[in-house]
Amino acid sequence: MALLTKPTLKRLPCLLPRLRPDHPPCRVLVVDDHPVNRTLLMRLLQRSGFAVSQAVNGADAFTRWEQWQPQLIFMDLLMPGMDGREATRLIRTAEAMEQRQNLTKIIALTAQPALACAHQVNVGGFDDIITKPIRPYTMFELIAQYLDLQYIYSCSEEWSAS
């Protein structure tokens, strides 16, 4: 397993970032109403060593957040029923009422580039926002930034074949 620089990572799509073995477990909740989107994100995250759970809408996300307490949530903005904005508002309200020191990092997901602006992030209580289709490199860099993680990068035949 070789350690590589980030510029190298951008050029080699078969590189799979993995959590360092000495890092405590990281819980990530994936919230999206489309099963293909959820499955793709969950698969990428699980292969990299994250503990992953899923929710299909905002109400499900809030319940899952209460029960599981993830460190980071990927939250789709537009979902039927309770959307990602409302779920994020409920989570932020609950965190404030409990006077939490470590807030859950919430990264909004959208397929509509017009929604991916700083105003949406600030007003919505999100920590960041990324557009679909999600680029794995961008996703892993955001996770590292918000959770203060370091990865080990290795080329995996299983990764490049899937």
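Just so it is clear, glycine is given a Cβ too, placed from its N, Cα and C backbone atoms.
In TrEMBL, annotation is done automatically, which means it is predicted and not curated.
Residues or ranges marked as domain 'Response regulatory' by TrEMBL: 27-147. TrEMBL lists D76 with the feature 4-aspartylphosphate.
In the predicted model, the domain 'Response regulatory' (27-147) has a mean pLDDT of 91.
Secondary structure of the domain 'Response regulatory' (27-147) per DSSP, as helix, strand and coil residue counts: 60 helix, 25 strand, 36 coil.
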